[in-house]
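According to TrEMBL, the protein has these features:
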- A:6: active site, nucleophile (ACT_SITE)
- A:8: active site, proton donor (ACT_SITE)
């Protein structure tokens, strides 16, 4: 199978980096629990949104993300069984492009550059499965869809869901048959 | 139609930038004629290949390319008629990623970030037409193919060919019917 895997909030922990920066800048104690069922920008006071947006344009922000759970181990295994591509809608943030490439070099070196895609729309991808935290990406994809749980999508119920990479791997096994 | 358009040697003049750098560095007088029917690295003396390769990793090299012919005008028109995507196999050169985004901002600002793809393999793209200077990209693409003439591909005869953007536009008109 050809499998496309999103980066942020699927293999790269964007919330953790955001919360760490936010708590430092505003002397707050936000936790991941505070973000459940809402977009990050919906729960931030109006007068702090500008600063929050600034993180996305700060050198090193995307590079600082930690890999999510056991994504490294599971993807390494998946690469032995399938054609695995990373597909990130990174073109919105040009300063993130190199950082995302460097990040993959560090944490997912087994994914060849030929299997890395930085794009905008994902419905132009041709393959069998898209794993993503955004319903609008999954909706437009012409193949199997798997929603990877992120705080913002916990009330979304239009797609099969994986709460972690073990569940994602089991889902892939189930559609192989 | 959904149309994917390659960057280097299709809308961005890589040869011109290479030749300019090479002639300056080695006090030579190479012209585009010297590259006909061969890859650039095939006609360069062995002891200069390292320097040539260095250009690809030099800051500003990809940003310095000039747009090819009337590609800007034709693509602006095409964007009114079709879904136009830029698809560049840029992931091999991480330092080029931001430069390619900046370059598109300058010369093709009408192509939204959602319609820009930096990838490796192009056979994962789903659409109606790929315009590319590389036969191996066209061969693997599951749609119409159009070879855009570049010095290195003049003896390739497996695909419909466009020698310039007026011919490419005419080809697109012909397959619309």
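Quick reminder: no glycine exception, Cβ is built from N, Cα and C everywhere.
TrEMBL does not curate its annotations; it predicts them automatically.
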In the chain carrying residue A:8 (active site, proton donor), residues 6 or more apart in sequence that have Cβ under 8 angstroms from it: A:14, A:65, A:88, A:133
Proximal but sequence-remote residues of the same chain as residue A:6 (active site, nucleophile) (Cβ under 8 Å, at least 6 apart): A:86, A:87, A:88, A:89, A:130, A:131, A:132, A:133, A:134, A:137, A:148
